[in-house]
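The active site annotation in Swiss-Prot covers Glu29, Glu32, and the record cites similarity to another entry as its basis. Among the features that Swiss-Prot reports, active site, schiff-base intermediate with substrate is placed at Ser86. What Swiss-Prot lists as active site, proton donor is Cys100. What Swiss-Prot records for Ser249, His262 is active site, proton acceptor, and it gives similarity to another entry as the kind of evidence. Taken from Swiss-Prot, the feature substrate binding site covers Phe28, Glu85, Glu266, and the record attributes it to similarity to another entry. Residues or ranges marked as pyruvic acid (Ser) by Swiss-Prot on the basis of similarity to another entry: Ser86.
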Amino acid sequence: MSSCKDSLSLMAMWGSIARFDPKHERSFEGPEKRLEVIMRVVDGTHVSGLLAHDDDVWQKVIDAICAHIVSREFNEYIRSYVLSESSLFVMKDRVILITCGTITLLNCVPLICEAVSTVCGEVEWVSFMHKNYSFPWEQKGPHLSMAEEFKTLRSHFPSGQPFIFGPIDSDHYFLYFHSDVVQPSCSDDAQLSMTMYGLDRNQTKHWYSDKMLPTGPETAVIREATGLSEVVDDSWILHDLQYEPCGYSINAIRGSEYQTIHITPEEHCSFASYETNTCALNYSKCICGVLRVFDPERFSVIVFIDPDSAVGKSYHSGGTIGVEPEYYPNYEAHHRTVNEYTPGHWVLKVNYVKRAVGTVGTSAASGAKE
């Protein structure tokens, strides 16, 4: 509990789990930490980039955070790993590592940087992000507080900058990013992330098991029963895992695209996350599909808007991008954050709370542009 002396840690406790009861012996930290390292290709960089590394390299990265690889799927563009606590994606020019629970994600930064150096690449862009933790007092190492995370990240990337997106006393994201872009280039990456709380109990009952179930007929039944098969359809290569006694993860890849979903079903701390890099002019169809599966009491959606991406072009031309309140009449938008965190790169985050029965309608988001 020493971290509670840090005012930012105290603030981070507010709002994530609305009905937290300390009498619960087991409360799992669903909200993930996310680390992305993008490599600059220079003269002499291995033609396959980070894909030149075999699994031994990534196993060492995972060992550094005390997790392990459960399953893997590959295609020409992506190596996808389901981990004991979340996911790893490796592409030619980047690594994306997403971990839940009390995993000390920042401990693997030196090994990822070493992997970049080994193939004669250079670190061009780093981002570390997480939703405010549900149970921050249970975190370990550099994740005991935002101050410790900032200190650790600054030691690795001194020119990086920290941001908080959203109200500090409620649902918000902490982002630290480092940019060493030498010359402007086409910037068309896409990232849509959702965090959902208070999941539909008729759905969460499916994510309990008396044994761990890897991808197979039994997990196919779970996907069909819950509607996940509509989100991750047959066009995707998938691998999933039903945890024992509860919890579920799925990774899916299609060409250079990925989707990942992680579920904590316990009633007192039910949570699900969704992320994809799929390009779209408007994300409403994707978001609505995810909401149909989980029907959460509240959710946050965050979109990173690169200037040359499909969603970036739509946003800058004045079009809607699918996160606006008119798409979600069963929810009320409680706060919106818009931030140009580096020139030309914007982030848009909206917090939604389910409306009371009989009050369905359309509302404008409250909050401010930051």
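One-based numbering along the chain as shown.
Backbone N, Cα and C atoms are what each Cβ position is placed from, and that goes for glycine too.
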Measure from the CA atom of Glu32 (active site) to the CA atom of Glu266 (substrate binding site) and give the result in Å, rounded to a whole number.
-> 16
Residues that sit under 8 angstroms from Glu32 (active site) by C-beta distance, when 6+ apart in the chain | Ser86, Ile98, Thr99, Cys100, His130, Lys131, His262, Ser273
Alpha-carbon distance [Glu85 (substrate binding site); Ser249 (active site, proton acceptor)] in Å | 9
Number of other Cβ atoms within 10 Å of the Cβ of Cys100 (active site, proton donor) across all protein chains | 23
DSSP says Ser86 (active site, schiff-base intermediate with substrate), in three-state terms, is strand
Which of the listed recorded positions (Glu85, Ser86, His262, Glu266) has the least company, meaning the fewest other Cβ atoms within 10 Å of its Cβ?
-> Glu266
Determine, from DSSP, whether Cys100 (active site, proton donor) sits in helix, strand or coil.
-> coil
Three-state secondary structure, Ser249 (active site, proton acceptor) (per DSSP) | strand
